[in-house]
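Shown next, in structure tokens, is the structure this report addresses.
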Amino acid sequence: MNFELERSDLTKTIVVKIGTSSLTQPETGQLALSTIATLAETLSHLRQQGNRVILVSSGAVGVGCARLGLTERPKAIALKQAVAAVGQGRLMRVYDDLFTTLQQPIAQVLLTRSDLVQRSRYLNVYNTFRELLALGVIPVVNENDTVAVDELKFGDNDTLSALVASLVEADWLFLLTDVDRLYSADPRSVPDARPISLVTSIKELADLQVQTGSQGSQWGTGGMMTKISAARIAIAAGVRTVITQGRYPRNIEKIIQGELIGTHFQPQPEPTSARKRWIAYGLVPVGKLYLDSGAIAAIVKAGKSLLPAGVKTVAGEFEPQDAVQLCDPQGNEIARGLVNYSSNDLQKICGRHSKEIPTILGYVGAETVIHRDNLVLT
């Protein structure tokens, strides 16, 4: 896919994600209207400059809680989904009022993971974004919490925003949060935590021994770990990603103009293809294949297909063309791919030579378990 909208070198596609902690007052859970108004002004100004802008907004559950007088985020799924339905309408009304004042049209786009799992629906979502951006509209995106089920949830809007940025092949992804940048530890509990301004590769984080923590705020779901995971998805698509303070939306324009505010993640110089990004991040893996060292080396170092001889163990139940994770013996994921055999058949041929497949299974199947065209390193 190529997101060509007669763009010039001076205009960009920009995805901005704002979390519940930035949208609401921490003490009451009520909307932080001044922050939202400044965000609307900033995004409208970016649009007026010819940029294509997408806003991924959390807050439906938090706003619903405030509207209903609930003092804490509900844990029961049915109640949370009901509260999200209340909050989403209120949230969109606020956005629509603010953007209308600025004469900027917006659109509500609610997504579930299943919208990205099926390739035809994935492409349909892409086409919808393409048309909205061509019309000069700012799509306001959220997970459809009211209907999403656990098995097909994004889990947090950091992941959703990265998948949207990957889908539309954005130039920038801004993850607005309640801290000003990434630190070597949580600065709220470790006063001497070291700020990190630039990450040239995700592997750098291990070298820096970043202790990001997974906990989110009281009202949100995304901690710093989810933002790093989101950055991994985005930079693989060639999207420059920035973590910065959500209370100061005007910093978005300053960053685009070259100021080094927040933490910047440099994009990969050679982005993964759109189809392989769909395999790696759009699909939900339903099984795991544990590989021997020879197969791992062939895949990682030589870009080879996976053969049955390299599979040591099969976990999960799946059918041909389902997505699976490829793991080392310790369970660390190294790749994902679309498998050519069901889990039942693969159990029978794992560890065997490809030429033995017809004798074992009674039919002539593919020589590969996963062809390299359907395999992507993660």
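Positions of Cβ are set from backbone N, Cα and C atoms, glycine also.
Features reported for this protein in Swiss-Prot:
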BINDING   LYS17, THR177, ASP178, THR221, GLY222, GLY223, MET224, MET225, THR226, LYS227  ATP binding site
BINDING   SER58, ASP145, ASN157  substrate binding site
DOMAIN    286-364  domain 'PUA'
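Remark: ASP145 (substrate binding site) has ALA60, VAL61, LYS80, GLN81, ALA84, ALA85, GLN88 as non-local neighbours, by Cβ distance under 8 Å and separation of at least 6 in sequence. Under DSSP, residues within the domain 'PUA' (286-364) fall into helix, strand and coil as 26 helix, 23 strand, 30 coil.
The record assigns SER58, ASP145, ASN157 to the substrate site; their largest pairwise CA distance measures 11 Å.
Taking the C-alpha positions, the distance from LYS17 (ATP binding site) to ASN157 (substrate binding site) comes to 7 Å. A Cα-Cα distance of 12 Å separates MET224 (ATP binding site) from ASN157 (substrate binding site).
Other Cβ atoms within 10 Å of the Cβ of SER58 (substrate binding site) number 30 in total over all chains. Residue density at MET224 (ATP binding site): 24 other Cβ atoms are found within 10 A of its Cβ, drawing on all protein chains shown. In the three-state DSSP classification, THR226 (ATP binding site) falls within a helix. Comparing Cβ neighbour counts within 10 Å across the binding-site residues ASN157, THR226, the minimum falls on THR226. Looking only at the binding-site residues LYS17, ASP178, the densest Cβ neighbourhood within 10 Å occurs at LYS17. DSSP assigns ASN157 (substrate binding site) to a helical segment in the three-state reduction.
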